[in-house]
Amino acid sequence: MPSLAEEICIGNLGSLQTLPESFTWKLTAADSLLRPSSAVSFDAVEESIPVIDLSNPDVTTLIGDASKTWGAFQIANHGISQKLLDDIESLSKTLFDMPSERKLEAASSDKGVSGYGEPRISPFFEKKMWSEGFTIADDSYRNHFNTLWPHDHTKYCGIIQEYVDEMEKLASRLLYCILGSLGVTVEDIEWAHKLEKSGSKVGRGAIRLNHYPVCPEPERAMGLAAHTDSTILTILHQSNTGGLQVFREESGWVTVEPAPGVLVVNIGDLFHILSNGKIPSVVHRAKVNHTRSRISIAYLWGGPAGDVQIAPISKLTGPAEPSLYRSITWKEYLQIKYEVFDKAMDAIRVVNPTN
């Protein structure tokens, strides 16, 4: 795959006055995850996923209903301060406003994940995506920040650390709610219970800062192509410019408009496995805008490190509902997803659904 510097540089997309052919998507079969009958238009219907107040006494039921219906929901009164959300959005804007040459100094390596670059799913699509991003998956981001902000890196590293700490607590809280809606608890997940008792982390988090520049022909471009997240769940903060869309068979593409202080939660592949298929991992994408750029910050809460085997929760299986998926480690699943992309779930499936 050519390096970022050899192609139209993603760091300069916002300055282009015409849409390059390599970034021009067709209006039909725009991505491989859509059924042919549904892949005829980029238009989204006027509907949206529910906004759930986490202080509501019925929060577990509400989250469960939304998760089963949409594989996604929005949350308010989640405990994350507006200042922290503003700080990480400002950090992202400062980073993406830098000259392209400067950003490329913090580019991710060929074998690494952390750093600046195009979406990880790019190799699976013929056309390029109208976006740039910065991934924080380990402590190497501190070196990148030192390169980008020689005098202010300590301040920006502090923002990231606070965001990770707060999102980790929120993700754990949401996990309890979603499990509760299925009638199970973390104690019913043997490996998760052991990790909690030992003081270890149930999941590993990463952050993806995304920037979708203004686009001369947004109706023919794609900011981020349709996909599911590999995670247990993903928590997304989006700036005040819309672009996120989720897909549901009964509804088609549905735009998730941003609202102040509201976060979006997407169910990922790992939770779909844990739930034995009862809760879907949501297919989603990002569209772009002709007049306004968009920033989003995704907290990707994945599986645990090491050789922990992840499989459907035993209480959710039985003679009438056999396990749909074989056990797998987080690392192994990521490798399969990297190789076969949207066919990863099929690759670990052991039986067909009974209905």
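Keep in mind that glycine also has a Cβ here, set from the backbone N, Cα and C atoms.
Among the candidates His193, His211, His284, the one that Swiss-Prot lists alongside His227, Asp229 as binding Fe cation is His284.
Counted with DSSP, the domain 'Fe2OG dioxygenase' (203-303) comes out as 9 helix, 46 strand, 46 coil. Across the fold, the C-alpha of His284 (Fe cation binding site) and the C-alpha of Arg294 (active site) stand 16 Å from each other.
Counting only same-chain residues at least 6 apart in sequence, those with a Cβ under 8 Å from the Cβ of Arg294 (active site) are Asn210, His211, Tyr212, Gly223, Gln238, Ser239, Thr241, Gly242, Gly243, Ala286, Val288. All protein chains included, His284 (Fe cation binding site) registers 24 other Cβ atoms within 10 Å of its own Cβ. With a cut-off of 8 Å between CB atoms and residues at least 6 apart in sequence, the same chain places Asn266, Gly268, Asp269, Ser281, Leu300 near Asp229 (Fe cation binding site), listed in sequence order.
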